[in-house]
Amino acid sequence: MSFDEFADVSEAQVTRAIAKDWGNEFIDRVDTEVIIVGGGPSGLVTAKELAERGVDVTIVEKNNYLGGGFWLGGFLMNKVTVRDPAQSVLDELDVPYEESDEASGLYVADGPHAVSSLIKSACDAGAEVQNMTEFTDVVTRENHRVGGIVLNWTPVHALPRELTCVDPVAVESDLVVDSTGHDAVVISKLSERGVLNAPGIEHANEHNTGMDNTADDEYGAPGHDSPGHDSMWVSRSEDQVVEHTGVVHPGVVATGMAVATVEGLPRMGPTFGAMLLSGKRGAQACLNELGREATPIDFTPAAPADD
């Protein structure tokens, strides 16, 4: 069978098409309702829930890919776990899973299937993505209320300082969500400025450990650990992360592992139920702060009735 030719398009036309569409979208997103810093599982859930309710949402992600650590379930194994009742989120995403024979209420799914479905659902809902873009600071208003973020291209940070004198730019928003995981970069910046008391970060500073500043290519790189949170305790950590999710500073909501770092909570390791439900609770906190009338977000689904 013969193949019909592709459309006759020049290289310049391809470049203009990319640049025009990207530029128009970026200009449209310079002033938005909610900026979510970090495109891991909690940030993606927050973005999905808000976008489904008509909120203008932009995800700012420093990597070229979304999903954070949700691609793998620990030790380079690509099976992820959630504990009851977080499997309800997998149901919403049509992600298949099985109950483990290790414990009742422990469910296992394929990481790539789960994270790709979550990314698709957030994008389908209308969330916009600015990837390869790094948070560098916050935009502040009266009484240190956060009114946006300062950002730059991720590669700028990777180049030697003597080669890069590249000013960042600022974008405005009604709310900023810190979904940056262990590093809690938005809240860490506010703590550094002395305008927010974060127990976990303060504890790290008092004990002279500080937050993790190792380079991305060094052992102990950001994202692997943080002295802001406590050591692993799965059963306690997940409940507390969801419980403490919400507004942490005027204009700022924290979700996911950023909550553990801010509050000094235990880490939970490779189980993701708290990330998913924290994302839902964070979205509801945003709706409340925005004063939006919308269908409430159920982050504590009831157990199904017995047949």
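Glycine too: its Cβ is placed from the backbone N, Cα and C atoms.
Binding site for NAD(+) per Swiss-Prot: GLU61, LYS62, GLY69, ASP167, MET257, plus SER42 from the candidate set SER42, SER88. Among the recorded positions listed (GLU61, GLY69, CYS165, ASP167), GLY69 has its Cα nearest to the Cα of HIS182 (Fe cation binding site). The most densely surrounded of the recorded positions SER42, GLY69, CYS165, ASP167, MET257, judged by C-beta neighbours within 10 angstroms, is SER42. If you measure from the Cα atom of CYS165 (2,3-didehydroalanine (Cys)) to that of LYS62 (NAD(+) binding site), you get 19 Å. The Cβ of GLU61 (NAD(+) binding site) has 26 other Cβ atoms within 10 Å, all protein chains considered.
Once the Cα atoms of SER42, GLU61, LYS62, GLY69, ASP167, MET257, the listed binders of NAD(+), are compared pairwise, the greatest separation found is 30 Å.
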